[in-house]
Amino acid sequence: MKASIYDFTLDELSQLLKPSFRAKQLYLWLYAKYKTSFKDMQNNFSKDFIAYLEQEFTLRTIEIAHVRESVDGSKKYLFKSLRDNHTFEAVLLKMKDKKIDEETNAVLEGEKYTVCVSCQIGCQVGCSFCFTQKGGFVRDLKASEIIQQALLIKEANNLPIEKALNIVFMGMGEPLNNLDEVCKAVEIFNTGMQISPKRITISTSGVADKIPILAGKNLGVQLAISLHAVDDKTRSSLMPLNKKYNIECVLNEVRKWPLEQRKRVMFEYLLIKDLNDSLDCAKKLLKLLNGIKSKVNLILFNPHEGSKFERPSLESARMFADFLNAKGLLCTIRESKALDIEAACGQLREKKLQQKI
């Protein structure tokens, strides 16, 4: 089976292709011009070189099988692998963006886009609040399959080449359980799609022994920790992984995470009615994160089929956030996007193409 050209970093292609400058030319065609056929690159390459590329590599290995659009402008994409027909999902989040014109001080309104990518088909972690785990674990995604999610979404929405995307590894799967492919994808996002690592967030459920490995890669990405509870009993009931990597174990590794000035580790905290949304929980969270440059992102539980949990009131979420902010711990409430199309946090899973989606 031919390798996908999207699986190669710029350095790898530079070593593989002769002369080496061909790699940069090829990257331009792939990531700046969205070319999906080697024959479309004839302006730069000889017929012999194109024949070599066609013999050794393939291009697209996934395709968009279905799209659902939310009333808020967000879109959920169902992708199908062209190799094994398995499916996985990614989400395009559309948000308003305001910038200050440095010359006139005028407020400029625009739009910013975030692509929530998947790194696995299914997930092994088994969080009880997450819909992804109901489908079981199928396989890891290759770097090429991760990259193509953002590439195809950008192309489908006619976003200008120069339009920067934010990338969040918060779709299906645990990024640290597919670390090599995730790290390669980050490098290609940067050198290929020109997405700064500062715009890329890797979210983990807390695979503590792999956090220092990720740190050692020096990728410059943002780290997010899915915490969701303030004591081990509650967290273990929500996230079985906590029995292996408890809260103290995870936080010990987070304290070693290299942070640039003015940067913080993000802690994601899923608020579930009458389970972890009390003011007492907020007080314990404040104590847990003492000494860590952190930001708390509160997420109101997003209901899904078969779930036993309930979504808390916005009022209780605001009380939780107000307490933390008043004590000096930066806390925001994540606006739940795409709830109407089941594309919010914890609602993604593999779907069979023949079922209603």
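Yeah, the Cβs are placed from backbone N, Cα and C, and that goes for glycine too.
Marked as active site, proton acceptor by Swiss-Prot on the basis of sequence analysis: Glu89. In this structure, Glu89 (active site, proton acceptor) is part of a beta strand by DSSP.
Confidence in the domain 'Radical SAM core' (109-340), given as mean pLDDT, stands at 94. Positions annotated as domain 'Radical SAM core' by Swiss-Prot: 109-340.
Per Swiss-Prot, disulfide bond is recorded for Cys116-Cys345. In the three-state DSSP scheme, Cys116 (disulfide bond) is classed as strand. A 10 Å cutoff on Cβ-Cβ distances gives Cys116 (disulfide bond) a total of 30 other Cβ atoms nearby, all chains included.
Other C-beta atoms found within 10 angstroms of the C-beta of Cys123 ([4Fe-4S] cluster binding site) number 26, with every protein chain shown included. The [4Fe-4S] cluster binding site feature in Swiss-Prot is assigned to Cys123, Cys127, Cys130; the stated evidence is sequence analysis.
Per Swiss-Prot, the feature active site, S-methylcysteine intermediate maps to Cys345.
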Binding-site residues listed as Cys127, Cys130, least Cβ neighbours within 10 Å: Cys127
Packing count at Glu89 (active site, proton acceptor) (other Cβ atoms within 10 Å of its Cβ): 27
Spatially closest candidate among Glu89, Cys123, Cys127, Cys130, the listed recorded positions, to Cys116 (disulfide bond) (Cα to Cα): Glu89
Candidates Cys123, Cys127, Cys130, namely the binding-site residues, that fall within 10 Å of Glu89 (active site, proton acceptor) by Cα distance: none
DSSP three-state assignment (helix, strand or coil) for Cys123 ([4Fe-4S] cluster binding site): coil
